[in-house]
């Protein structure tokens, strides 16, 4: 089993005032660094899906993949699947840049839940489809899905009968969409310190 990883960092950050979330800091460190340090050890190769100037990620030493046709997170997933397939990977594990507490066992738990097929994370009764495992075999179906104007991650996951991998810590998938979410994450860091 060859698992590759992808940090989804292509969003516009509208609820953060148009700020590039990858450039936001938590505990004095970039969000993209948090996710890279948590997801990287779980996968054979790691890349970032982002549009705009790739030089802003130069310090991480990771490949930056651009969306062919920006249509939200699934466009990034498609770019990642094509990159992973070209390198001989079996599947791609994704995590958004704004989930800095992503679990250190995300990839293996997703793999086990889906038995190598599509799987998404679930915690506290909520599904987190952007934290998912996508076999490279679904790439062309995803391309067709996007070409048909579909863009919902959960819709594509459901189309492939994605299994759900349960995680006990709700905060593991805390999504930093707004300034108050970032403040909550800072508070959690202080509690854990």
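A Cβ is built for glycine as well, from the same backbone N, Cα and C atoms used for every other residue.
So that you can see what the record holds, here are the features copied from Swiss-Prot:
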BINDING   8, 9, 10, 21, 67, 98  GTP binding site
BINDING   98  Mg(2+) binding site
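Site extent for GTP: the farthest pair of Cα atoms among 8, 9, 10, 21, 67, 98 sits 18 Å apart. Figure note: comparing Cβ neighbours within 10 Å for the binding-site residues 67, 98, the maximum is reached by 98. Neighbour counts of Cβ atoms within 10 Å were compared across the binding-site residues 8, 10, 21; the minimum falls on 21.
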